[in-house]
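Visitor: Got a structure for you, written out below as structure tokens; questions coming shortly.
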Amino acid sequence: MEINFRNVSFSYQLNTPFSTAALKDVSFDIPDGSFTSIVGHTGSGKSTVLQLIDGLLIPEKGHIQAGSFQMNSGSNAKHLKKFRKNVGFIFQFSENQLFEETVEKDLIFGPKNFGVEEKIAKEKARKVLKIVNLPESFLQKSPLDLSGGQRRRVAIASILISDPQLLLLDEPVIGLDPGSKDEIMNLFSRLNQQGKTIVMVSHEMDDVADYSDQIIVLNAGRISKVGSPEEIFSDESYLRKEKLRLPSAIDFAKQLKKVGFPINVSIKNKRELLREIKKQFEIEKDKK
């Protein structure tokens, strides 16, 4: 699903003495099937963008085109409800939304509310557990008996069961251990490769560099820069100005370069860093 913002502005508590401008004349494009990350400091407007895309908030000015749906200040609730069937929104600490006695009951809650027969909903639940790499035996477990990473995957499965075209991720791996983080991000990468459009808000620059096709940098409610990971993270003076951290692999490669190690710093992640270091050692070995 392609998404286009055109001159979008939004204020919280509009027309009150407490009105706060969250977005100011923002325009950008998110290509269909892309993995786009939105970064910036607290208060820059990142989460507001996600809520506008989902129709939880309505633009004060401008419009948003999401697939065949357009959202503007005149959009109504019925129109937005139809659109939201195409969108999956995974919030921070999404496992806190689990409330049923068993994993199966949690998973089928949404489909049943949309009129899906219970038998069909249960079959969907079995299939979606496989997508998030959990065994079918988990269906009868209580979410309270699962680890934090497993609960997060169940929460993600409860969104994926409706097969949304668009996934909105708000700090999706916050609070997880490194192993669980990798599993969750690899899951999103596979879903993206299968054609789902993904928009992620994150402070995890390693994940932003590793998985994104495009990065949108927000600053105080305005677009600061839009570019590929290579374009964003190669400009150190810009990163310092925006107070954005270099991904750890890129930072390590640049530190090696500074002390004379002949390494290509145009890398995205730790896997590429290790390959590049190994390559340079092999080159040095062949010279001897």
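We count from 1, first residue shown onward.
Positions of Cβ are set from backbone N, Cα and C atoms, glycine also.
Owing to the predicted nature of the structure, the values given are computational and were not obtained by experimental measurement.
Features from Swiss-Prot:
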type: BINDING; residues: Gly40, His41, Thr42, Gly43, Ser44, Gly45, Lys46, Ser47; note: ATP binding site
type: DOMAIN; residues: 3-245; note: domain 'ABC transporter'
Visitor: Would you mind listing, in sequence order, the residues at least six apart from His41 (ATP binding site) in the same chain with a Cβ closer than 8 Å to its Cβ?
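Guide: Spatial neighbours, sequence-distant, of His41 (ATP binding site): Asn219, Glu242, Lys243.
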Visitor: When DSSP is mapped onto helix/strand/coil, what comes out for Lys46 (ATP binding site)?
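Guide: In three-state terms, Lys46 (ATP binding site) counts as helix.
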Visitor: Residues other than Gly40, His41, Thr42, Gly43, Ser44, Gly45, Lys46, Ser47 within 8 Å, Cβ to Cβ centroid, of the ATP site?
Guide: Thr48, Leu218
Visitor: Just to verify: the residue among Gly40, Gly43, Gly45 with the fewest other Cβ atoms within 10 Å, which of the binding-site residues is it?
Guide: Gly43
Visitor: Please work out the number of neighbouring Cβ atoms within 10 Å of the Cβ of Ser44 (ATP binding site), leaving out its own Cβ.
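Guide: Around the Cβ of Ser44 (ATP binding site), 22 other Cβ atoms lie within 10 Å.
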Visitor: Where's the emptiest Cβ shell within 10 Å among the binding-site residues Thr42, Ser47?
Guide: Thr42
